[in-house]
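As recorded in TrEMBL:
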type    : residues                                     : note
DOMAIN  : 4-350                                        : domain 'Aminotransferase class V'
BINDING : R42                                          : L-glutamate binding site
BINDING : G76, R77, W102, T154, D174, Q197, N239, T240 : pyridoxal 5'-phosphate binding site
MOD_RES : K198                                         : N6-(pyridoxal phosphate)lysine
Amino acid sequence: MTKIYNFCAGPAMLPEAVMQQAQSEFCNWQGSGVSVMEVSHRSPEYVAMAKQAELDLRELMAIPDNYKVLFCHGGGRGQFAAVPFNLLGDKLDADYILTGQWSKSAVVEAKKHARIHETNIMRTTEDGKIGVKSSDDWNVNAGSAYVHYCPNETIEGIEIFDVPETGVVPLVADMSSTILSRPIDVSKFGVIYAGAQKNIGPSGLSIVIVRDDLIGHARQTIPSIFDYQVQTDFDSMYNTPPTYSWYLAGLVFKWLLAQGGIAAVEKNNIAKAELLYNAIDSSSFYSNNVDASVRSRMNIPFTLADDSLNETFLSESKAAGLVTLKGHKLVGGMRASIYNAMPIEGVQALVDFMAVFEKKYA
Ligand SMILES: *Cc1c(COP(=O)(O)O)cnc(C)c1O
């Protein structure tokens, strides 16, 4: 059988070694004779595994002691609602920075709770590409409870690498599609959250990293499962957590540590992204319309010179073992999502295929 490389934006591929380990202990976890899915989340074995996953994540991201790590339900969109509930306190205002579809979706949810000040920082560069204005143009309102942004727009393939300065206003980041792909300085953020299904593990889980002083000010009407204080008090087990997703996330964290941690993972991610962007830029058949300074390393959209070849590209790439390359309907063309779990061999296989396809049809 042809080796399959899965470029899905999410749920995304998981590391092969992690899948194999999960398979080997699927029916018999830690010699218990039952699956990790079938044990109580209150059992000492499960609690120890869950705690270790948190410690491993803390090590990977160098999370300071004055931050809590919460393992929640509800994915990325759950946090679109949880953030305003938890952080507004008695304030009415929040700032949202717009860079693409996901930051816009976060606003739609937040508007139910707060007066939102939107700052669109997208711009068109001189050569007609999508760029992003410098964070000096953010105009954060001093009276806002927080400022929210999305450092990696999964759909457009736009990534902001610098962390903006927002003064005393806490910075909240939706890192769903960039978390663990490169080192970040957690201390610059008030809240970091991420749905798991891109770079952490299976869907159903979201990870929230929140600074202590931002916990405990939630509005009274907040559903308890979204309340950072409740989740903190119950070690993320107020209700039954997504136990299998938590377990698999723990295996992924161990795998990342074994790779040499996030600095080593970033090197690999840079090499993978360069390989693909170079292939696109050196061809007149493929193009990517994002300015080089903000090109995502995780999600790489590209178009063919002739859109009528899209279906042929998709069917021939699939036959070659390269699956889920169809671009998001809002952007069109193709999108290759190359999260941590994608080996460089997968990107090389894609680049090789693209060259053959271009020769054949250009
Ligand atoms: C996928 C994604 C989401 C949504 O995640 P769900 O778990 O489906 O709610 C939110 N933000 C970003 C940046 C994403 O990539």
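Glycine is no exception: its Cβ is also placed from the backbone N, Cα and C atoms.
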Diameter of the pyridoxal 5'-phosphate binding set by C-alpha atoms, the set being G76, R77, W102, T154, D174, Q197, N239, T240, in angstrom: 30
In the structure shown, which of the recorded positions R42, R77, K198 has the fewest other Cβ atoms within 10 Å? R42
Taking every residue in the domain 'Aminotransferase class V' (4-350), the average pLDDT works out to 96
Return the residues near N239 (pyridoxal 5'-phosphate binding site) by Cβ distance under 8 Å, restricted to its own chain and a separation of at least 6 in sequence. H73, I225
Rounded to the nearest Å - Cα separation of W102 (pyridoxal 5'-phosphate binding site) and K198 (N6-(pyridoxal phosphate)lysine): 14
Using only C-alpha positions, which one of G76, R77, T240 is spatially nearest the residue listed as 'N6-(pyridoxal phosphate)lysine'? These are the binding-site residues in the record. G76
Binding-site residues close to ligand 1 - of R77, T154, N239, only those whose C-beta is under 6 Å away: R77, T154
Could you find out if DSSP has D174 (pyridoxal 5'-phosphate binding site) as helix, strand or coil? strand
Around the residue listed as 'L-glutamate binding site', which of the listed binding-site residues (T154, D174, T240) come within 10 Å, judging by Cα atoms? T240
When the number of other CB atoms within 10 A of each residue's CB is tallied over all shown chains, which of the binding-site residues T154, Q197, T240 has the maximum? T154
